[in-house]
Structure formats: C-alpha cells, structure tokens
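So that we are looking at the same thing, I have put the structure below in structure tokens.
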C-alpha cells in the first residue's frame, strides 16, 4: 500500500533537504564572511529561496499539484497570481503572529518579516504546491480527520513540525547566556528549519510504519 | 469517608500552606542575634589584656573624633563618585578623594538593597535577614542595640534631617529632627530642599555632636528615569555643593587642640542599570564610602578604593566616637581609620572589636571554639597581653614596635575570620525543618494527584479511607517510627532547629498527621492500581474510563503546566517568568482560535458548499433573523481569540518587567510623564466607563448606582493625588493624599459587597433561587473590581479593563460555545490570571511590590489594612480571574452540577504542583549564586500565592456548599454510616 507514493515522497524530501544543505554551503564558498549567525538574513533568504524553487520544481515535475480545471492560459495565470497573493498574505499573517508573540513592532521589523518569509516558504508554499490556491482544501486538510491522501498526511506532519520547531526555538530567548544564536530571530528560524528537516524525515517514516492503518476516504 | 472535591481540595491546600510555612521558617535563617536582650554598656567592656598583673583600666581609649557628620545619599552608586564620570558629577568630592585628607572605600551592601534594612545594617552593624524586609513594611522602633542608642546614652547630641524612616526607627533619639516622607516618588527636589534648608543654621551652631543627613532625591530620580538620565548630573552636583558647604563649615569651626571632625559620605545602596534596587547585582550593591577628616593622611592621587563591607562602618564609627560597639554588629573596624593613633590605642580598639565579635560568635554558634577566627583571637589577645606588659615596663625598643605590628596583624586576621564566620552563619539552613515541610507538602500533593479520577468524576467526591487508616496497625507503627526519628534528629542536631523547638503536642500532631497521610496515600494507591493500570502517574485531565484521548488543547494545557514548572529551575526563567506566561497564553489563544475555526468551518463543509471561497455573507443573506444571529455570533466567536491576542500584546508593552528588558521604554512610563497627563486622564476615564459598562450588566440597580458613584470616586481620587486632570480644576491645587475620596470609594465597595452577601444569603436560606445567587456572586465580584480599580495606578486601569473585556467575550463566545469542561476552563483561567499578574507590572522581584497602595485612604500606616491592600493589589490579576471562574462555573451549574467542585480541585492542583516542585528546586539550589536575589523572592511570591489560592478554594467551597442539595449530604452520611458499620 502506498509504496510508490512513499518512495516518491522520500526522494522529494531528500531533494529538498539537499537544497537546504546547498543553500547553506554554497554561499559560504562564494560569499566572503558568510555564516549562519553572522549574516543570518542572507542565509535565511538563500535557504527559503532554495526551498521555494526546489519545491515548486519538484512538485510540478511529479505532478502532485491538482490539475487545473480549465486549460486556458488566463486561468493558469490567475492561479499563479492567486498563489503569489496567498504567499504574500501568509507572510503578513506569520509576521502578525510573531509580533503578537512579543516581537518588537518597529525595531526588528525586517528580521521579523524575514522569519515570516522563511516560515511561509516552509509551510504555505508546500500547501500551495500540493493543494493549489484552494482555501477549502486547506481547511479540509487541517481539520481533524481531513487527510485524503498520503500527501495530505505528509503535509500535516511537515507543517506541524515546522511550526512547533519555530515555537520551541523561542524558548532560549529569555536565557541570559549572550550566545550568538540567541539574537532575534536566529533561534526561531533555526528551530523552524530543524523542525522542517525533521518533518521531512519523519513524514515518510511515519507513513511507512503506519501504512497498514492508513485509510483514506475518497473524494 | 467521602468528602466533596472542593472540601478535599481546600483541606489539602490549607495543610500545604502549613507545610510551606514550616519550610520557609527553615529556609530563611533567623538573623544572628546575641541571646542577651540587653545592650552593650561601658561598664561591661573588657579590660585591656595584660599578662601577669591585675587588669588596670577597663576604660575606652579617648575618642578619635569630636564631631561626626554623616551624609547619606540614597542610591548613591559607587561609580557616581569613583567612576570615570565622577569628576563631572561630583568635582569637589572627587578632589577631596584624590588630594585631601580622606579615606575612600567601596562599601558592599548586602541584599536586599532596600533603604530600611540598609539603615538598620548601618546602625546596628548586623545584617538584617531577608525576611525582615517582608516583616517590616512598617518600620517600628528599632529595639536592637544600635549606634544611635549608644550615642544618645553616652550623652551625644544628635541632629537628623532626611528620610523619616530614621525618625520612626529611632523615636526620641534625636535632639532635633525633620523627617521627609518619600511618599511621592515623582518629587525629587522638594525632598532634598527640605533637608538642606536646615543646614546653614545647624552648621553655625555648636550644640550638636552628630549630624545625620539622608537625601532621597537621587533615589527618586533613579526610580523615575534610571542612572543615565539627564536629571542625575544636576542632582549629583547639588549633593557635591552640599558636601563642600559642610566641609568648609567644619574646617572653619575647627579649633586648635580639640579633636578633629569626621565627615562621612555614603550611600545606603546603589542603583541598577534600570534605576531600581533591591537585588544583588554589582551596581546595586557597591556604594561609595568616603571618610574625610584632618586626622587622615593627605592623599597624593587617586588610588583604587579598597572594598569593605557596609556594616564595617558601624564599629568604626562607634570606636571613633568612643562608644561601645553594638552587640549584634558583625563588621570589623576599618584599619585605615585608626592609622594615626598610637599603637597602644590601635591594639586596644582592635581588642574591643574582637571581644565583641567573639561574644557574638559564642552566642550564635554552638561549636564556636572550633572556629579559626576565635582561636586566632585568643592567640592575639595573649600576645597583646605580653606586649602590654613590655610596654608598661617602659620598653621602647624597635622590637616592641615590631611585636606590636605583629599583634596588630594577628588581630586583623582574627577579626576578618570571625566577621566572615558570622556572615556565613546567615547562610545556614535549618535542613530538618525544610525537609519536614517538604515531606508534608509532597504527601499532600501525591494524595491530591491520586484522588484525581475520583475528584473529577461525575460525583465529584473523594473517598478518603480515614477511619480504616486510623484503626490500622501500620499507622501506629509509623507514628512510633517518625517520633523516634524526630527525637533522634533533635538530640543529635548541632545547630538550632525550629521544628525541634516546637512544643511536644504540636510535634506529635504533625507526626500523627504525616503518618495518617502516608497510610491514606498507600491505601489509595493500592486501590487505584488494580482498577486501572493505565491511569497511573500524571493521569489525564479527563479520564473517562480506561481510554482517554487528548485534544491538541489538552496537550497544550498539560505540556504548558509541566513546562512552566520545569522552567522554574533556571534563574533566567524565574527572572523572566512573565515571558513564559505571555508565550503560553498566546499559544493558548491560537489553539482556541484553531478550535473555533474548526467548529465553524466544519459545519459549513457539512452544509455542502464545494466552492473555493467561503464567504460567510453568502449563507447569511438568504435566511432570516435566527440565521443572521448565528452568523454574527460566529464572527464574534471567530474574532474573540485574535482580539484577545491583540489585547495581550498591547498590555505587554504597558509595563516592562523582569530583568533583561526592564529598561526598555514602556507605555506606562510614557503615560506617567507629566506632559502626557492629558492622555492618561482620558485613558483612565475611558477605562472607568468601560469597566462600568462591563460590570453593571448583571448587577441589581442598587449596586449599579453604587458602582457608578464608586468609579467616579476612583477618578476623583486619582485627580486629588495628582495623577490625572480634573476637568473643573482651574488652579494647580496642591497634592493631597486623597484620603476623603478613597474612603468615599471604600464605602461603596463595602456597600456592594454587603448587597452581594445579602443576595447570596437570601438565595441560600429563603429561596433556592439560582438567579439571585448568581447575581449575588456577580455583585461580590463587582465590589472586588471596584476596589481593585481604586488600588491600581492610573496607567494600569487598561489592564483591569482588558481583563474584564476578555472575560466577558470568552465566557460568551468561547467557553460556553465550545463546551470546554470545568478542568479546561479552570486551567485557562489560571493561565490568564498568571499573565495578568505580570501585565500589571509585577515581577518575581520584591522591588516591584507597590507598597504605596497600603496608604490609600489611610492617614498613617496601619499594619493590617496596609498588608491586605498591598496583597490585594499585587495579586489582583489571579484573584479577579479566580473570582470570575467561580461566577462562571456556578452560572454553568445547570449544565454540570459538579463544575464548581471540579474547578476547585483543578485550581488546587495547578497551584500545588509548581509550589511543591519549587521548594524542592530551592532546596537543591540552596548554594546557587542567585539564591537570595532571584530564587528566594520567588519563593515568597509562590507561598503568598498558595495562601491566596487556599482562600479562593474556601470561597469555592462555600459556593458549592450553599448549592448542594440535601441529597448529597444525606448520601455522604449514609456512606459514613456504612463505613463505620463495616
């Protein structure tokens, strides 16, 4: 059951994880003075850019993205535009949530927004890739027993891992250790990235071990 | 014996309070005190040691100084004088320090760095225990042996100007005094001018021996705007001018042949980077100590000042003035001061100091003879005796001088060793009492945990096997065992122990109670085990039978409670505990938001619209009124969690607390600055109106009127105190204490509480009317709100307002609609209560307790109401939320009759888990560097909170009792009868 999907998922995730790795290593070679802590924003954008590009490409190639109902160019364009709009809205949403959690409103606005961009590219972008700009489907996937395919379950796991990772990443901020990774937003973005990578590993593994129990009602 | 959950929970909490009290008594050491209650007298002084012949003179050597001026500047930090900015801030002082005949030191103050304990330390030379701060919010007369008393007894004439704490500590000691109150922190010029205005005439006169000046302005500036504010420099320059004035007056008065003067400049404590004090950080502890006298050698440049203890000043001044050193002084004389006197006198001074310290050591330590310092002192005393003998024989050789120098050195070493031994004595813990208290608390906690399935069952009653336990053999064996352990420990203990000093009856009661609890624990555990091995350990919130599923919210609530308890182990997390609560609260709101979304959006899917967009207006439009209502309700429900989040974010920036980010500018400071008084007035008025609107809904009309008038009274009180503008106030009135206005409000508070109680009693006795009862409860709640709105500072009124708003919205749209059960609702209330505790500006530091609240409506300090008001305003957040919980749960009674019992049980559990965990943590970390500055204040906060929760649980109990039908009582009786028959 689901063997084919699990294999596809594992390889996809391997590619995405590799892209994150490359996004960390390559700038270190080409940009002088690059480090994850020191030039954190640069790392952050390179990682989220790499994840964005690779996910879009991989999911498009795999054909998981739900097929467009109409094949006109205009419809496709509007879908693309809507996706971009959702992407941007999600950035704003994450930014708002992080500010509500206590991030300074004005002082570190750029840092906070960068974190929001990272979180968006790790979570919302996957949703866009797998489900398309379809809010109804999103609500379905994220309600209690709403998963309808292996990919939905995988989406649930990775998104939850990423968000929990970022959440856990905020824990060490009040400690007075004065470490470089306690600077805002390093711990949170690292937490999110580690959570995401964990999710990438955990999702196929979990599905593999529970493949007997998994039953999905069809649409 | 079957008892209801609320009775059970209240009983457990009250017993825990007793256990914690015992723990606290063991943890906070009693200060080092001489057992004799008398004071040192001149006649008691030891004679000069002299081997071979009878002691000749027990007289003191002649005093070194004729006149002493002590200029105490509150919160004078060491770097204000010795630091790089010192030359700019205090040019004259700096010149004297560098070039004049002076001695300068850095005096280390002991925490708590609060004015009153520091004054006590400076005058008695003892180190007031931590608990003294809490016990003595009031400062009654100081009865201990102290420098001022000694001086007065010796006939010295003392003049005092400054902080009136001194006047209260030493009534009738001063020949002339003028005390200024530090009542209005915003005033930093008047308080100092009140001191300085007497200076010119006093300095001209000759009829005094000691002049003490205590300047408060600098401390006030620190509290307002911190150590880097622009107000600091002018204030320090003013202080510098005063010092110059005093110094020149003293120089001009000095006559040839008479004894020299001594001018002391010191600070009682420093000031942290945020301008507050109370803790033990370097800038708070280090204060400058400059002694200026022609008796000292002239300096030739700035040397790095030596570090001494603050209490060292006391014996130095006492010896310098020719007075006996006060009995409990643990300091040792500063050797530099004595340098210019003869070797014989120097040795004599050191001998006197050593004798006093050794007496104190004898009194406070059972095995004083093993102490290294004591031994050294004996040796030095002997050497002193033989030196004296040689000296009196007229020997004046080089050998004698060298020998004297050696004796001097021995004395100094002995003094330092004895002084540090005595200081260490303060850090000794009474482990037996601590462990006994801890065992109590843990037994109770385990019983509480084991009773969970029963207490949260539909019956909400716990079956405690008390009778069977009391008649069982293990109980008596255990009693015997514990009693013998107690005897064994107490007879072999070397240091004093509080638990051992208790009377036998009390100890036996404690032993019997403890063994009974242990037997109950065991029997409950055995009963629980076969029943369901699955529900074991930290059992679930709602265990329904053997299978239990936790929703995300439950996981969050459990993980949050456990995580918060664990986080208390790190000092940073204790310092920044507010961050933990804000973080958890935010997550809670988001989780609730997710629940709400699920509820409303799933329904929509069921209704079957497949379209991508889910505009709600779409399915609202076609239908008629009821559907529209549902729709608006849905949107209100959806909007509530985000609204709560926004509220919390705003409140969070109102008061910056904690340590790391406390210096950041916050809205509260902005509002309190004088140029924004208009905004503050409008905000306060708006909040009061909103409070009225939110609270009055469920009150009777009498209470409505009383509430409106009361809130008006609150505003006029704030206007009278000078926090807000009065619309019809034309001329700038002088600030008053607003006693009349505050009392006006108190009358209405009492009125509302009375109406509420009357309604409650009527609902209970005459008619079993649920409506009347809930109205009565709400009236009591509104009385509390009115009282809190009077006690809160004007800029904190939004906190109260937001809490009411959130309570209303949450109760209306979330807790009811989403069918959260009593346990979940209780945990949420508790979390909100905790977060609001910090929103109102509290922290885990004693310094943030606003003591001025205790004076509202009172002409002078009266202990009981002041403590009550302070506690109420400090814990206003948790109390208001707990009261709201009672109101909410009893209004939900028709749905689930046992909700109040469940709520009470959960509250007890939520409070006792962190309290019990924390006392273990504190015991483990008792040698941690931050134990006194971070962990002990938190311990006091925890115990106080536990006490208050016990009170709240009793309130729960009465509420439940009044409602419980006679049936339940009958069942309980029946059960008991059955048991006894068995």
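Placement of Cβ uses the backbone N, Cα and C atoms for every residue, glycine included.
The model shown is predicted, which means the values in this text are computed figures rather than measured ones.
Grabbed the feature section from TrEMBL, which reads as follows:
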- B:37-50: compositional bias 'Low complexity' (COMPBIAS)
- B:550-942: domain 'GPI ethanolamine phosphate transferase 2 C-terminal' (DOMAIN)
- B:37-58: region 'Disordered' (REGION)
- B:7-28: transmembrane segment (TRANSMEM)
- B:431-452: transmembrane segment (TRANSMEM)
- B:464-489: transmembrane segment (TRANSMEM)
- B:501-525: transmembrane segment (TRANSMEM)
- B:678-695: transmembrane segment (TRANSMEM)
- B:707-728: transmembrane segment (TRANSMEM)
- B:740-756: transmembrane segment (TRANSMEM)
- B:866-891: transmembrane segment (TRANSMEM)
- B:903-927: transmembrane segment (TRANSMEM)
- B:939-957: transmembrane segment (TRANSMEM)
Looking at the transmembrane segment (B:501-525) and the transmembrane segment (B:678-695), are there 3+ C-beta pairs under 8 A, with each pair at least 6 apart in sequence?
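Touching, no - the transmembrane segment (B:501-525) and the transmembrane segment (B:678-695) miss the threshold of 3 or more Cβ pairs under 8 Å.
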Take a look at B:707-728, B:740-756, B:903-927, B:939-957 and tell me which one has the most Cβ pairs under 8 Å to the transmembrane segment (B:431-452).
B:903-927
Sequence gap of 6 or more, Cβ distance under 8 Å, 3 or more pairs: do the transmembrane segment (B:939-957) and the transmembrane segment (B:7-28) meet that?
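Output yes: the transmembrane segment (B:939-957) sits against the transmembrane segment (B:7-28).
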Over the domain 'GPI ethanolamine phosphate transferase 2 C-terminal' (B:550-942), what is the model's average pLDDT?
85
In the same chain, who gets a Cβ under 8 Å from the transmembrane segment (B:903-927) while lying at least 6 residues past its ends?
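Residues packing against the transmembrane segment (B:903-927) from afar: 5-6, 8-10, 12-13, 16, 20, 23, 27, 429, 434-435, 437-438, 441-442, 444-445, 448-449, 452, 455-456, 460, 561, 564-566, 568-569, 822-823, 825-827, 830, 882, 885-886, 889, 935-936, 938-939, 942-943, 945-946, 949, 952-953, 956-957, 960.
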Find the member of B:7-28, B:707-728, B:740-756, B:866-891 that has more C-beta pairs under 8 Å to the transmembrane segment (B:678-695) than any other listed stretch.
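Looking at each of B:7-28, B:707-728, B:740-756, B:866-891 in turn, the most contacts to the transmembrane segment (B:678-695) are made by B:707-728.
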Which residues of the chain, 6 or more past the ends of the transmembrane segment (B:740-756), have a CB below 8 A from one of its CBs?
699-700, 702-703, 706-707, 709-710, 713-714, 716-717, 720, 776-783, 786-787, 790, 856-857
